[in-house]
Amino acid sequence: MKLSIIIIATSLVIAVVAFPSKDSKAIENDKTEQRMEIVVQETARACSKQIGDKRKRNCECCGKTVVCGTIYVGGKEVNQCMDKTSDNAILNGLGKGMNFIENTFSFCV
């Protein structure tokens, strides 16, 4: 008799521990959705700079093939919006295509 009570009690304890409640899963999913919304809201920005203007972020550069670039002037790093990627016309065309793809998949407005 005592053995059967111990077996039943052990089975109930295992069942309670093994199967978490449905409420805790819902709370966990809500937190994930909230984090995803915050990330999307923080990344979208509008452009305000033209080619050659100094910038801090890629989203500040306006244009479908314009991206932020880094050049060195007198050993000092300067970040600016640029369109041209090479002096070679073929490589420059490929570079503009890559810039277009990069801007297409960014969250910039």
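We count from 1, first residue shown onward.
Heads up, the Cβ atoms here are built off N, Cα and C, so glycines get one too.
In this structure, C62 (disulfide bond) belongs to neither helix nor strand by DSSP; it is coil. For C47-C62 (among others), the entry in Swiss-Prot reads disulfide bond.
Positions annotated as disulfide bond by Swiss-Prot: C59-C108 (among others). Within 10 Å of the Cβ of C59 (disulfide bond) there are 20 other Cβ atoms, across all protein chains.
The DSSP secondary structure for C81 (disulfide bond) is strand. For C81 (disulfide bond), the same-chain residues that are 6 or more apart in sequence and have a Cβ closer than 8 Å to its Cβ are K49, Q50, I51, G52, D53, R55, E60, C61, C62, G63, V66, V67, C68, G69. The annotation disulfide bond is assigned in Swiss-Prot to C61-C81 (among others).
Per Swiss-Prot, the feature signal peptide maps to 1-18.
Other Cβ atoms within 10 Å of the Cβ of C61 (disulfide bond), summed over all protein chains shown, number 25.
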